[in-house]
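Participant: Heads up, here are the entries from TrEMBL:
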- 94: active site, electrophile (ACT_SITE)
- 165: active site, proton acceptor (ACT_SITE)
- 11, 12, 13, 171, 211, 232, 233: substrate binding site (BINDING)
């Protein structure tokens, strides 16, 4: 059994508002979690969430980060700005960013570097689409995303996470089975060890994302190489999300026992 601390990340996407923040806060502040819990709200709510959760252990992340440091880039938000706002994590290369905004592995690599330069923990998202899965090239796709997305990145002393999100499972209700997810996570782990060495490869936390809910969370978290979950739609229901967080805490407590 691994000893990496379980982590649950809520990705609110383009959802949320004062009502969701208030109900989330009421749910969160009553709980203590051994697992690490991160909420990624829309940019405009980052400061509000930080204020609401200032006395809790919940951390705040961003859903994206600019590859630019500063300049005439309308609509962009830099890693330094996110750091100053109080973010600790940032999602990079989410499948919706890749498909809708044409982000690629090269831009993801720059974003990972920008995040690390500003003491943000990057969560690099990788995964195959339906066609790639059907053509049985999932592992080729993942290798390319890892090698190109982390090229030149020194992870030896850096905190970094990898989120595997099979695109065909996102928002479809068709989650990968825990056994399927473990097989892919084990493959990713071996690739990271090959790239960065045993210690660094073992220390990187791997998350699963794709139609995660309170029903499948426990079995996913019980897999040896799945260290956490990237939760989309289910994170918009505070009670549902707290249930997932509690399952991760149970997993963390079992590791400490």
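Note: Cβ is positioned from N, Cα and C throughout, glycine not excepted.
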Participant: Going by C-alpha distance, which of the recorded positions 12, 165, 211, 233 is nearest to the residue listed as 'active site, electrophile'?
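Facilitator: Out of the listed candidates, the nearest Cα belongs to 165.
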Participant: How big is the gap, in Å, between the Cα of residue 165 (active site, proton acceptor) and that of residue 211 (substrate binding site), rounded to a whole number?
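Facilitator: For residue 165 (active site, proton acceptor) versus residue 211 (substrate binding site), the Cα atoms are 9 Å apart.
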Participant: Over all pairs within 11, 12, 13, 171, 211, 232, 233, the annotated substrate binders, what is the largest Cα to Cα distance, rounded to whole Å?
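Facilitator: About 14 Å separates the two most distant Cα atoms.
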